[in-house]
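K.L.:
Per Swiss-Prot, Zn(2+) binding site is recorded for 36, 186, and the stated evidence type is similarity to another entry. What Swiss-Prot records for 69-177, 194-202 is disulfide bond. Taken from Swiss-Prot, the feature pyrrolidone carboxylic acid applies to 18. Summarising the annotation, Swiss-Prot assigns signal peptide to 1-17 and lists similarity to another entry as the type of evidence.
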């Protein structure tokens, strides 16, 4: 009976009564999941790039460097120093927004040989895990208090009928932005997890 009560306590994520090891365990799961998504994003982007001609790669990369991802509108640390200074809750909140911004667009991430629906379920699981961590680390603070009304459009006209060149550019943009954002989330969650170990060196 005592073991059942303990298990329910862990699942309820009452941070005030939970030892730090419980949060570390949840962080480890979240970091592992986003690492998998980041690797998947890298692979799909590489597969798409390898299907292009050299000149196409050069032109698309040039355009992408001048363009923005939808998620660039989410306020986040500008460099590694600001990342290290950010609170655990802030890093979790930004990570949550980044993952949430891909819920709709991820349905079109079929740039590789893996099943089309592979990414979306993994994103949903990661989003749920981050939300649990946010609740565990809130300590009474209001979640997303700085920009709770922010809503990002799902890559606008990606689903409209486009010419061949424009469709190619949009696919490149989608895959490149997804890879970029999963790298961000992996970095933020890794730093936040490290913060739970006072003696750890969290230098990026």
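Using the three backbone atoms N, Cα and C, a Cβ is placed for every residue, glycine included.
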K.L.:
Just give me the nearest neighbour of residue 69 (disulfide bond) among the recorded positions 36, 186, 194, 202, Cα to Cα.
P.N.:
186
K.L.:
Taking only the Cα atoms, work out how far residue 177 (disulfide bond) lies from residue 186 (Zn(2+) binding site), in Å, as a whole number.
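P.N.:
Cα to Cα, residue 177 (disulfide bond) and residue 186 (Zn(2+) binding site) are separated by 14 Å.
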K.L.:
Tell me, how many other CB atoms lie within 10 A of the CB of residue 36 (Zn(2+) binding site), whichever protein chain they belong to?
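P.N.:
There are 14 such Cβ atoms around residue 36 (Zn(2+) binding site).
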K.L.:
Under a three-state reading of DSSP, tell me whether residue 202 (disulfide bond) is helix, strand or coil.
P.N.:
coil
K.L.:
According to DSSP, which kind of secondary structure is residue 69 (disulfide bond) found in, if we only use helix, strand and coil?
P.N.:
coil
K.L.:
Measuring Cα to Cα, how many Å separate residue 202 (disulfide bond) from residue 186 (Zn(2+) binding site)?
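P.N.:
One finds 14 Å between the Cα atoms of these residues.
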